[in-house]
Amino acid sequence: MSNLNDEQYRAVHYRGGPLLVLAGAGSGKTRVITERIAALVERHVPEDAITAVTFTNKAAKEMRERLFDRLGDKAKLLRICTFHALGLAIVREHAKLLNRRANVSVFAGGEQKSALKSVLSDMKLPADADQVDRLISRISALKNGLLDIHDNQLSAVRERYDQLLERMNAVDFDDLMVLPIKLLSEHDDVRALWQARARHFLVDEYQDSSRIQYEWVRLLVPENGNLTVVGDDDQSIYGWRGAEVKNLFLLERDYPALTVIRLEENYRSTGSILEASNSLIAKNSERLGKTLRSNLGKGKPIRVWESPNPEEEASRVASDIKARRLTTDDAHWDHFCVLYRASYQAREIEMAMRREKIPYHITGGLSFFDRAEIQDLLAYLRLVANFNDDLAFMRAISRPRRGIGDVALGELGQFAMAHGCSLLEACLHDDLEHKRAHSLKEFGDLIVALEFQFKHGEADEAFDAALDLTHLEAAIRAEAADEAQAEMRMGNLMELRRWWILHADQGGDLSSYLQDIFLLADKKDDDPTGQVRLMTVHASKGLEFDHVYVIGMEDGIFPHASALEENRMEEERRLMYVAMTRARYHLTLSYCRVRHRFGQKEKSAPSPFLKEPEQSVLRWVDRDLETEDAKEEADDFMAAMRRNLERLQSGK
Ligand code: ATP
Ligand code: MG
């Protein structure tokens, strides 16, 4: 591992309390966090007193892996995770104080919607999809303290929604942020416990932490505590989600002993890439201002491509990736990344990758965990693990259909309400008298039988019983369009089975398995190794790639049209800065002349972000074909091809 520079060294070994590392992209901020944790452990700070939060589960995983390499098994006790995962750990540990049990479920998307729907229908309020979506985001804003209104109806809905979640032994994503604040501020013993676990508290990507997350920091770290935050105001890209650069200023107010260290050496990108990025971000006025020097020499100019339409743009990207992989020594597919502003733009690229037989991985695409068969089986497993999970009950009882209709379910719901029990418990209740009582009881017995299997049986047999007794496997085979589809769906379930058996082998139970799955599902990425990466610019924060292509560099796409209206141009420019600074050696920016919008062909104009960077480091490939650079690059390319050919011919 290469050495730290002086400023990095100072940050890694700083012992004077609160510390802010404020520095541009690629200057080693994340590396400082990792090295600092290693240094603390080497100094015999107990691992259990170190907590680090990162922005994504993936970043946490990478950091943990690096520390495992450095420290071995000691790294096990380190707490490195996202704010949300930390929130879940706090909520689970102190579930009792929240009137919940330790195996709390986390409701996301669909489950949250059905909970809200049932509240609305009980309150005799309209519950169409639009209304539900609108209310979900308003309740979320309310919980995050972003909405400060006095709307009685909204408060009433929120109250009943929260009660329903409590009754179902569940929380939603916002609760994972908000409930820990409640716990930490209302219970001195809880606060003392977590303050001890966060005696060294480190935060990566601090510029995108929200007001609530800052409250966490305040509750966990006293004024002179060991707080280390690293961030870059120029990379704040989640303003719409309540992240506030203001947090950087609040730090100075609330932690007067704060020391600020600036890193000015960039180790990631070539001089040209850095010059283009720096000159672009200089157009923003709301900046703290930073210096960033490249360490790698000037490198190649940044290519700007013009294509007739998105299909041709995509083919061009795909063939370029193929060619570069051939002509660059030691280039792997996963050294390439294609970035776009909005996720729908992945479609053409994905098709081109398939055509060219290039392995690719879409970060945050339709997740494995969103697939119907996975959700169906997980509903059963959640119910087995938690008899109070009414939403899992609702999904499970309808998959496959058991001839139990809405009216029967409604009556079951009333029975449950009257007896103060969950829907599943109602099915098992001796007093249940109902014309469908028999089928309901049968369903209840099935879940009880599975619970027994999962508790006392062999892991693989329990899982197979779940597939068989629920008739899910039969339903999948009966409903699939053809054999191949049935196999694919069963294959997905077998993947869950494999994880379950691994998990059980390590002594885990069904609840902890479901908790892991929840974290994985949130991360939405299977292993991207060996594949070209396709992702939105938002998802690329903190990552780096040798070769980066930013597609759709058109006015109205990037910057996004809404940015013009809502005065969010500066944030959009920061997003562009993030995109450009992901690249190490090669950066290509690409736009189309024509694009289909709402079924119409429309002319598009190049993005203003193509005109803002220092033009001497840009090469508009399709305009100035005959430049020296272009010739030089063509020569390089031919020479590399020849080298490769010779290598192939000589059989090496
Ligand atoms: P971002 O703002 O994009 O999150 P960052 O500031 O977190 O960037 P890192 O990802 O930590 O930057 O580092 C960027 C690259 O520079 C990494 O590949 C890292 O290994 C490398 N690097 C960091 N410090 C040094 C150093 N002192 N010598 C050589 N390489 C370094
Ligand atoms: Mg970083």
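Glycine too: its Cβ is placed from the backbone N, Cα and C atoms.
Automatic prediction, not curation, is the source of TrEMBL annotations.
Here is what TrEMBL records for this protein:
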- Ala23, Gly24, Ala25, Gly26, Ser27, Gly28, Lys29, Thr30: ATP binding site (BINDING)
- 2-270: domain 'UvrD-like helicase ATP-binding' (DOMAIN)
- 271-542: domain 'UvrD-like helicase C-terminal' (DOMAIN)
In sequence order, those binding-site residues of Gly24, Gly26, Gly28 whose CB lies under 6 Å from ligand 1:
Gly26, Gly28
List the residues of the same chain that sit at least 6 positions away from Lys29 (ATP binding site) in sequence and have their Cβ under 8 Å from its Cβ, in sequence order, or write 'none'.
Val21, Ala23, Asp204, Val230, Gly231, Asp232, Leu263
Cβ neighbour count within 10 Å of Ser27 (ATP binding site):
29
Environment of Ala23, Gly24, Ala25, Gly26, Ser27, Gly28, Lys29, Thr30, the listed ATP site - residues of the same chain whose CB lies within 8 A of the CB centroid:
Val230, Asp232, Leu263, Asn266, Arg268
Go through the binding-site residues Ala23, Gly24, Ala25, Gly28, Lys29, Thr30 and pull out the ones with a Cβ less than 6 angstroms from some atom of ligand 2.
Lys29, Thr30
So what sits near Gly26 (ATP binding site) in its own chain, CB-to-CB under 8 Å and at least six residues off in sequence?
Asn266, Tyr267, Arg268, Ser269, Leu274, Leu292, Glu544, Thr581
What is the average pLDDT across the domain 'UvrD-like helicase ATP-binding' (2-270)?
90
Using all protein chains in view, find how many other C-beta atoms are within 10 Å of the C-beta of Gly28 (ATP binding site).
24
